[in-house]
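Trainee: Feature table excerpt (Swiss-Prot):
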- 170-298: coiled coil (COILED)
- Ser16: phosphoserine (MOD_RES)
- Ser139: phosphoserine (MOD_RES)
- Ser146: phosphoserine (MOD_RES)
- Thr176: phosphothreonine (MOD_RES)
- Ser370: phosphoserine (MOD_RES)
- 26-51: zinc finger (ZN_FING)
Amino acid sequence: MQQTTFEESRYRWQDSLENVAVCLPFRCPRCGDHTRFRSLSSLRAHLEFSHSYEERTLLTKCSLLPSLKDTDLLRSSELPKQGKLLRGHAKVTKQKPSYVNLYSISHGHSKDPKPFEMVAERPVSYVQTYTAVDIRADSLDAPRSSSGLPTQDTKAAFEAHVREKFNRMVEAVDRTIEKRIDKLTKELAQKTAELLEVRAAFVQLTQKKQEVQRRERALHKQVDVAVEMIAVLKQRLTESEEELLRKEEEVVTFNHFLEAAAEKEVQGKARLQDFIENLLQRVELAEKQLEYYQSQQASGFSHDTSEHMLTDISSSRKSRCLSRGHQHSVCNHPELKAHFHLKGRSYLKKAKDERAGMQPAKAIHEQAESPREFFRPAKKGEHLGLSRKGNFRPKMAKKKPTAIVNII
C-alpha cells in the first residue's frame, strides 16, 4: 500500500513537470517538442542563433509576405469582394486549430519539399489581424499605383510599417503571456509547496501508521500470551478446586470416622466403667460375705440367722447397685447375672453344708447371742480381730488390679 502511494505521488510529480512543459506554448519547428519557449521573441532569437540564414528568410517570408503576391488581384477587385475575402479568411482561420501553420498558408503550392520542415506556430488571432492589415494595405496601395507613384517604395514602407506593428503586437502578446505565465508559475509554486507539505504530512502519517501497526502487533502478542496464561491458570484453578473438594470429602469422611470411633470409645469406656464398678461391688460383697462367714464359723451362728443376714445384705447391695447403675451397665446383662448368682449360690451351699455338721445346742446358743454380738460395740479383746480384718481389706484391694486385668 505504501509503495502504491509513493508511485502515485511520483506520477503526480511527473504530471506536474509535463504540465510545466505544456505551459510553454511555442516550440521550435526544427528542434521539436523538447525545445519550447514562452514568447515569440525568444523563439525568434533561437531561430536566428541556431538555424541557417535560408531558414530565417523562409520564416520571414512565410510570416510577413503572404499578401504581397495577391496585390495585383486585389487592385482590380472591388470593396464587396474585399468583404468576401475577409469573410473567407475568417472562415479559414476558424477551420484551423488554435495554432496555424503560416508557411503552409503562404506557400501552399510550392514544389520544394524542404520548406515544409519549417513550421512556425502562431495563434489564430495573429493570423486574422495580419490578413486584415494586408488587405487594407493592398486597398490603399491600389489608388497610389494608379496615380503613378513608385510601387517599390510603398511596398517597402508598408512592409516596415506592418513589421513594426506586428512586432508591437507580438511584444504585447508576449507581455500578456509572460504575466499569465508568471501568475501560473506562482500558483504552481504555491501548489508545489502545498504538495510538499502534504507529502511531508503523508510521510509522517505513514511513519505513525507503521509505528501504530508495530505496537498493535506487539500488543496482539502480549494479549495472546496473556490469554494463554489465563487459560493455564484457569485449568490449574479447576484442578486445585477438584483436589480441594476431594480433600474436603476425605476430611469429612475422616471426621465421621473419628466421631464414630470417639462415640464407640465413649460407649466402651462407659461400659468398662460400669463393668468395673459392678465388679468392685461384687468383690466388696464377696469380701463382706467371706468376713461374715468367717465370723459365723468363729462365733458359731445358726443357719437361720446367717440366711436372714445374707438375704438382707444381698438385698441392700442389690438396691445400691441398681441405684448407682448406668444405662449400659454390666448388671443388666443376663449372662453375667446368671454367672455371678450361680457362683454365689454354690458358695453358700458349701457354707451351709459345713455348718450343718455343728452341734445343735451350740447353734441354738449362738442364735440367741448372735444379734447382740453382731450389733454390739467392739471390746478390747476383739481389737485384734478387727485389726486383722482391717489388714485383710487392703490386701484384697491390692489384689483387685490383677483380677481386673485378668477379666479385661
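Note that Cβ sites are derived from N, Cα and C of the backbone, with glycine treated the same way.
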Trainee: Over the coiled coil (170-298), work out the mean pLDDT and round it to an integer.
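Mentor: A mean pLDDT of 93 is what the model gives the coiled coil (170-298).
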Trainee: What count of other C-beta atoms do you get within 10 angstroms of the C-beta of Thr176 (phosphothreonine), across all chains shown?
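Mentor: Here the count is 10.
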Trainee: How would DSSP class Thr176 (phosphothreonine) in three states?
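Mentor: Going by the DSSP assignment, Thr176 (phosphothreonine) falls within a helical segment, counted as helix.
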